[in-house]
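Feature list (source: TrEMBL):
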DOMAIN    135-232  domain 'CAAX prenyl protease 2/Lysostaphin resistance protein A-like'
TRANSMEM  20-42  transmembrane segment
TRANSMEM  54-76  transmembrane segment
TRANSMEM  96-120  transmembrane segment
TRANSMEM  127-148  transmembrane segment
TRANSMEM  168-189  transmembrane segment
TRANSMEM  201-224  transmembrane segment
TRANSMEM  252-273  transmembrane segment
């Protein structure tokens, strides 16, 4: 054992389990946690997604994800949580904004083209104040229920452990596969086998794109911003849970916004975070000395 007082680099304590086992513990724990949330809230509020059920589910997901990551990071990895890519202060706010813009900018262009060409019509039966209120509500709910917990788990914990062992480009692919398995299993168990193919494609594609955003930016907050923008827009217009919105053709809307954004977000991210990424070199995860 080395000692920093002697001018030597202190040896970091090794993780308690191999990386595959640690990832299995966290991803399985998250899946069980999300299934428990769905089961318990269904017993209390029924099948519909009321605001109360949505809010309670969001808080539960945040607590489960946070507890899993903190416990696994400290007890299994024996590394600080702060090295997962969770910067603070102005940089966190900037990365969150840039991540959202990397989705919103191409989606806005695609939507504008579809509307101008007459391929799509959107009608919202609400006042401007009501619409703004629903947008703010969805920002909070999506941030707490989906964007932050899922990004903390997959683009934070899973991705960081992978990049310590393999090249970042490979880490992006592996975490996307794990995210696909997690999301698809959750949907198949709760909604049935009919959603299998759709969810496999969606979650893998999303995992790859947002994983690249994480790699390019070096920040979990960028991934949170991208995820937040994507889901707020989709839930605002497609699900119409809290706002009466009518879309003439949902497929055209999804292609004009989500598909365009999926295809171009990483290019935009390259301009927003120029020259920061390394796609080939693993990033050793140095922990505190023993």
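Here the Cβ of each residue, glycine as well, is placed from N, Cα and C on the backbone.
Unlike curated entries, TrEMBL annotations are predicted automatically.
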Annotated stretches the transmembrane segment (201-224) and the transmembrane segment (96-120) touching (3 or more Cβ pairs under 8 Å): yes
Cβ-based contact of the transmembrane segment (127-148) with the transmembrane segment (54-76), 3 or more pairs under 8 Å: yes
Same-chain residues near the transmembrane segment (168-189), Cβ under 8 Å, at least 6 residues beyond its ends: 23, 27, 30-31, 34-35, 38, 150, 154-155, 158-159, 162, 195-196, 199-200, 202-204, 206-208, 211-212, 214-215, 277-283
Cβ-based contact of the transmembrane segment (54-76) with the transmembrane segment (20-42), 3 or more pairs under 8 Å: yes
Per-state residue totals over the domain 'CAAX prenyl protease 2/Lysostaphin resistance protein A-like' (135-232) - DSSP helix, strand, coil: 91 helix, 0 strand, 7 coil
